[in-house]
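Residues or ranges marked as ATP binding site by Swiss-Prot: 7-20, Gly101, Asn161, Arg186.
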Amino acid sequence: MKACGIVAEYNPLHTGHVYQMNKTRQISQADCIIVVMSGNFVQRGEPAVIDKYARTSAALKAGADIVVELPVYYALSSAENFAKGAVLTLNEMKAASICFGAETDNADCLAKISRTIISESPEYKAILNKALAEGLSYPAARQTALLEYLPECKDIITGSNNILAIEYIKAILYNNLNMTYYPVLREGAGYNDDSDTAEYASAFGIRKMLMSDEHDKLKTYLTAGMYEEISNSKSCPLFPDDFSNIFNHKMLFIKQICNINNTDFAEKLAEYEDISPDIANRFVAAFTGRDNITEFAMKVKSKNIVYSRICRCIMHIILEIRKSMSDSYNNIPYIRLLGFNKTGQQYLGSIKKELDVPFITKAADYKKELIFDFACSDIYAQAVYEKYGYVMKNELQQNIIRI
């Protein structure tokens, strides 16, 4: 059997995602579609609006054959690390190819950009360093350098929806993987578009509908399975500000153990993943213990520190994701199965003897490996309880979803 991979968050799953699944099966001619999905936290530095098991069920009903979880360390990483974790997971699962959404289906140009970033020629590096010296954030500086170095790829470089596409290809090329890649031209609203007039709304736009209680519009854009999960859920939607109390308490605790010394406070914060000394100092200066997460992030962001990075840093503090953990994730430590159908079961049976890392189907047998992800899920469940008074099942009580 031949498998093709999709990397997703399905936050939440909408009709545009189904379009991608159908195109993936058509383009790749795969027998099996494997989805590597973020769990309860997503790459923007936010909680998923609904838990990973509900999203897994909806994904399987919409056409996925297997859903595995992207470990939270990767799920809350930069685009580069997010893509690396997902691509390496698909490689471990013997996927022959990967399909991803982009604003172009020009795979050659996407690969050209990826190779430029990997090779870092002296000319490209000089342009990049100059842009960084001018105070641009790294993503903005890289875009500036690529535009000057590869003017023929201008439209692709400036497309925000191409960032992850480039990172997926980069991960494949950098790791010398034998994996074919297929960009799928996006249809409908873009990733950050909140329009509700396109045939396919963006997940961002749908989250805004959820936040505004515009449930009457949801049925138009969500898959039937996702709409049913959200309608019947006692634990959604969840948003970043629902974690504000947890964040403020955590920051106050760190400050207290530093004896309210701002220098020590900043040094402690800089131990967390992706928090530079500059970001740590900005956190210390902005922190009052009274802001919600959105207000705090808006205070801290700057010209060269983008909002989504600040949100990830906040989640790293909440979830105890530290720089010292990075060595444990140089390679995929395990693969955790969230759900499958009959086709997926057949595929898993065909590859199980070829897997090089633990393939987790029963969480109770891998408590040591999953202890960190368990803790993250418990924090998600705590936010649900504080908002809705609903007690979610813990990870040992949850069953794999079978369709």
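Placement of Cβ uses the backbone N, Cα and C atoms for every residue, glycine included.
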Quick one: of Tyr10, Tyr19, which of the binding-site residues has the smallest count of other CB atoms within 10 A?
-> Tyr19
Assigned conformation of Tyr19 (ATP binding site) - DSSP reduced to three states | helix
A correct count of other C-beta atoms within 10 Å of the C-beta of Leu13 (ATP binding site) gives 31
Restricting to the same chain and to sequence separations of six or more, state which residues have a Cβ under 8 Å from that of Val7 (ATP binding site).
-> Val35, Val36, Met37, Leu70, Ala83, Ala86, Val87, Leu90, Ile98, Phe100, Leu164, Tyr168
For Leu13 (ATP binding site), what is the secondary structure state per DSSP, taken as helix, strand or coil?
-> coil
